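First up is the structure itself, then whatever we jot down about it.
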Ligand code: SD4
């Protein structure tokens, strides 16, 4: 599926590189699932990349900001806000599926090119947790605010208290309650966090990640998405990474930080994502859940890899915004 970008007239920017990706991947690598380069990776700047198909609309909003010459940090916030506001999206922001007790609880984080970071976890009643995370970054000496304290801060900052449980999400929760099977197993239908990374016209990188977390989780459960270095991490010297899927597995391997550090040591974004997945699949039980990683280096090359087939991502470079299937560790049956 390909979605053409809105005609935002990006044209060729001063940052755009024309060199071809040097891909030394062999047929054996493709079979083994060890790609040196993602075959779709082209070093074109500016670039926006985001998880899942809702990434297409988020990328468009982010790239519109970048096209105006604004900073990546403003672009990543604006991008994921599109997904947060979408009532049909059952796993991010407004309309997200609740915990087992019927509460919509949200996690989000944001990080800029200077290494500043802000995050909120277990936040209720606020439609745009990413903007609260941005305020934590900009207006406080802290990195993370949680629960009632995060809500109190949001209200002080002028955010409006809202009911985030839509009729659609409530209905699904009520159906779930009939059996109330609590299986903290993630499949592609009940998780769709948005992680978004962007490099602007100045060559600076920022990232954002926001989610309502696992559907029907225990009340108070916090996943990887608000944890800087787990759900998302950027370093302006190297690049950035973000995660989607069963947060517990990402938390236990600090996935996004790991991937950025692997790129610092010379791995391509694709190799780094594959190694990030391998740290998880080396342990037992990975067959029952999904993890998807995206990585972007400072040249604008990207990587994407997941445990299960079915993970996709949206890539916006030059005037093309397209949805791409990620290669995966487990193959389609
Ligand atoms: C979490 N990582 O709360 C999130 C869920 C997710 O795609 O990514 N869904 O565990």
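Each Cβ is built from the backbone N, Cα and C atoms, and glycine gets one as well.
From a predicted model like this one, the values you see are computed outputs, not experimental measurements.
Taken verbatim from TrEMBL:
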ACT_SITE  193  active site, nucleophile
BINDING   221, 222, 223, 224, 244, 245, 246, 247  substrate binding site
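Annotated features taken from TrEMBL, shown on the structure.
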| residue | record | Cβ within 10 Å |
| --- | --- | --- |
| 193 | active site, nucleophile | 30 |
| 221 | substrate binding site | 18 |
| 222 | substrate binding site | 18 |
| 223 | substrate binding site | 27 |
| 224 | substrate binding site | 32 |
| 244 | substrate binding site | 30 |
| 245 | substrate binding site | 30 |
| 246 | substrate binding site | 25 |
| 247 | substrate binding site | 29 |
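When the Cα positions of 221, 222, 223, 224, 244, 245, 246, 247 are compared pair by pair, the longest gap among these substrate-binding residues is 16 Å.
With a CB cut-off of under 6 A applied against ligand 1, the binding-site residues 221, 222, 223, 244, 247 are reduced to 223, 244, 247. The distance from the Cα of residue 244 (substrate binding site) to the Cα of residue 193 (active site, nucleophile) comes to 6 Å. According to DSSP, residue 247 (substrate binding site) sits within a helical segment. The distance from the Cα of residue 247 (substrate binding site) to the Cα of the residue listed as 'active site, nucleophile' comes to 10 Å.
Spacing of the residue listed as 'active site, nucleophile' relative to residue 221 (substrate binding site) is 15 Å (Cα to Cα, whole number).
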